[in-house]
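Have a look at this one.
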Amino acid sequence: MPLHSNGNLSKLYFQDFVLEGFAGGLRTQVLLFAVFLALYMVTVLGNLLMIIVITLNARLHSPMYFFLKNLSFVDLCYSSVIAPNALANFFSSSKVITFAGCATQFFFFSLLATTEGFLLGVMVYDRFMPICSPLRYPSTMCQSACTRLVLGAYCGGCFNSVVQTSFTFHLPFCSSNRINHFFCDVPPLLQIACGNTAINELLFFGICGLIIVGMTFVILISYGYITVTILRMRSGTGRRKIFSTCGSHMTAVTLFFGTLIVMYAQPGAIESMEQGKVVSVFYTLVIPMLNPLIYSLRNKDVKEALRRLGQKHSAM
């Protein structure tokens with residue numbers, strides 16, 4: 001490991017980190033492994049199924065399902081950035097992750113998690129347009145516009161990820177190489193940095209807070225307009241159908257942004273690592289697992305497509 005000297009002060013800079021994960025004996029580790037494995041398997045199967053169903057069924061080739069397919073892809077990828085390494089570490093004696101591996105994991109996690117937040121915001125816009133401005137919806141939400149919106153979500157995620165990764169991994173990690181978490185994230189990394197982290201904390205809370213609070217504010221305003229428009233409708237059947245569609249998305253938005261606010265957009269999040277681990281499990285594994293269930297169980301078109309896919313499979 002490289003040694004850096006500054007006057008009379010010598011600091012050892014670590015090339016590897018240790019992901020401490022969750023405390024507990026063998027029984028606890030086995031139980032947690034089983035829980036993580038079950039959550040991850042359901043996440044992979046559920047999101048892959050959503051992608052396949054939407055791709056194969058021509059009736060689902062609309063903007064709403066285009067965004068939903070991209071959401072399933074992002075959920076699948078960003079849970080895969082975390083879960084396999086966490087599962088391997090439950091029974092590993094070393095639990096070592098290299099500096100480059102830690103930076104890579106953090107980069108893709110930050111990229112995909114931020115992209116998901118922007119995608120949920122785009123999906124609100126897709127619900128807002130046909131309800132509040134139905135005549136403009138076909139021209140506004142054409143295929144090229146939908147593609148640009150998705151690319152914009154990825155670009156926003158990439159910008160946040162590049163900034164957070166570059167600032168975080170330029171810090172000197174010389175006081176300890178033991179990360180009190182099950183994956184590489186900003187709060188536990190800032191805890192073990194031996195340099196001044198004030199700018200990093202300000203940048204972290206500033207950008208994350210701006211994205212989370214800003215998107216939440218936009219979503220709440222959009223749903224406010226949607227609710228007013230729905231209440232003005234004379235058709236009770238139409239109101240129920242729209243409330244059902246929007247209710248699925250609002251459930252996903254509340255779960256995702258609610259956990260992010262608890263984890264990242266509040267003072268003291270850096271210090272509360274034990275609580276942070278539990279919350280992190282929720283938004284890295286539980287929410288990606290729940291999203292396909294939320295959208296499929298409450299959506300007649302998706303359920304019908306799943307039924308037809310099952311019939312085709314059984315007929316083969």
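The backbone N, Cα and C atoms fix where each Cβ goes, and this holds for glycine too.
Under the heading domain 'G-protein coupled receptors family 1 profile', TrEMBL lists 46-295. The feature transmembrane segment is assigned by TrEMBL to 30-54, 66-86, 106-125, 145-163, 202-226, 247-266, 278-297.
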Cβ pairs under 8 Å with the transmembrane segment (66-86): which stretch of 30-54, 106-125, 247-266 has the most?
30-54
If we skip the immediate neighbours and take only residues 6+ beyond the ends of the transmembrane segment (106-125), which ones have a Cβ under 8 Å from one of its Cβ atoms?
64, 67-68, 70-71, 74-75, 77-78, 81-82, 149-150, 152-154, 156-158, 160-162, 164-165, 168-169, 183-186, 189, 211-212, 215, 218-219, 222-223, 249, 252-253, 256-257, 260, 283-284
Can you give the mean pLDDT for the domain 'G-protein coupled receptors family 1 profile' (46-295), rounded to a whole number?
86
